[in-house]
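A.B. asks: Sharing the record's features from TrEMBL:
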{"type": "BINDING", "residues": "GLU103, GLU138, HIS141, GLU187, GLN220", "note": "Fe cation binding site"}
{"type": "DOMAIN", "residues": "86-238", "note": "domain 'Ferritin-like diiron'"}
Amino acid sequence: MMLGAASTISLVKSNDENLGHFSSPAVSPVARSSKAVTGGQNRLVVAEVSKSTNHRPTSGVVFEPFEEVKELMLVPTGPQESLARHKFMDETEAAINEQINVEYNVSYVYHSLYAYFDRDNVALKGLAKFFKDSSQEEREHAERFMDYQNMRGGKVKLQSIVMPLTEFDNPEKGDALHAMELALSLEKLVNEKLLHLYSVAERTNDVQLTDFIDGFLKEQVEAIKKIAEYVAQLRRLGKGHGTWHFDQALLA
């Protein structure tokens, strides 16, 4: 931005006492007419505005970058380095990858439960639908963490997934109650892992990550409450005819 040449302004009081001259680059050299400025008895009158003959740019204007911005000048140049990464610790990156693995493992177990209850000799379609939806939800959670990892400049490292069980019938509890108790344990495990990730974010002063996790924690406690109620209901019903009615209610 070019700064214009300074203009000289002479100020006099209303009693013609001269107050001297001062320079102001903000006053236009075109404004040469006298103008009164109200101010009681000490009223000032602009007596003259003249353009300075000095056409050099105004000196003394210095711009220096903030000290805090200097670190932003260190832009990574390596092809494998993230350009977006900022205030994102290695410990946090590792914890997010662990959470992704937990979500995928739980999704895998739920998918196995879906396949079990969908068998022709089990035929509990309500439970099959419930666990299929649960599996998809956990997989979506894993993908959301993957998207977040990429957004912060981390690297997603997918780990091994443990092969789940294929049989869930229990001679004492029956398959429905046994499967739902397993689901409750898995939801509490996911909640514990989320709380661990939250503690890592707090320790590394990563406020943005704590805000991101808050939504997952809310969903998790709601899921734990719902499945806990299912467990309580199935314990009342036992292994008999009531399990079929419970299964039909899940289809509604």
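Note: Cβ is positioned from N, Cα and C throughout, glycine not excepted.
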A.B. asks: When you measure from the Cβ of GLN220 (Fe cation binding site), how many other Cβ atoms are you left with inside 10 Å?
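C.D. replies: Neighbour count, Cβ to Cβ under the 10 Å cut-off: 20.
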A.B. asks: Given the model, what does the mean pLDDT over the domain 'Ferritin-like diiron' (86-238) come out as?
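C.D. replies: On average, pLDDT over the domain 'Ferritin-like diiron' (86-238) sits at 96.
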A.B. asks: Specify all same-chain residues, apart from the site residues GLU103, GLU138, HIS141, GLU187, GLN220, whose Cβ lies within 8 angstroms of the center of the Cβ atoms of the Fe cation site, ordered by sequence.
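C.D. replies: After dropping the recorded site residues, what remains is VAL102, VAL106, SER107, GLU137, VAL190, PHE216, GLU219, ALA223.
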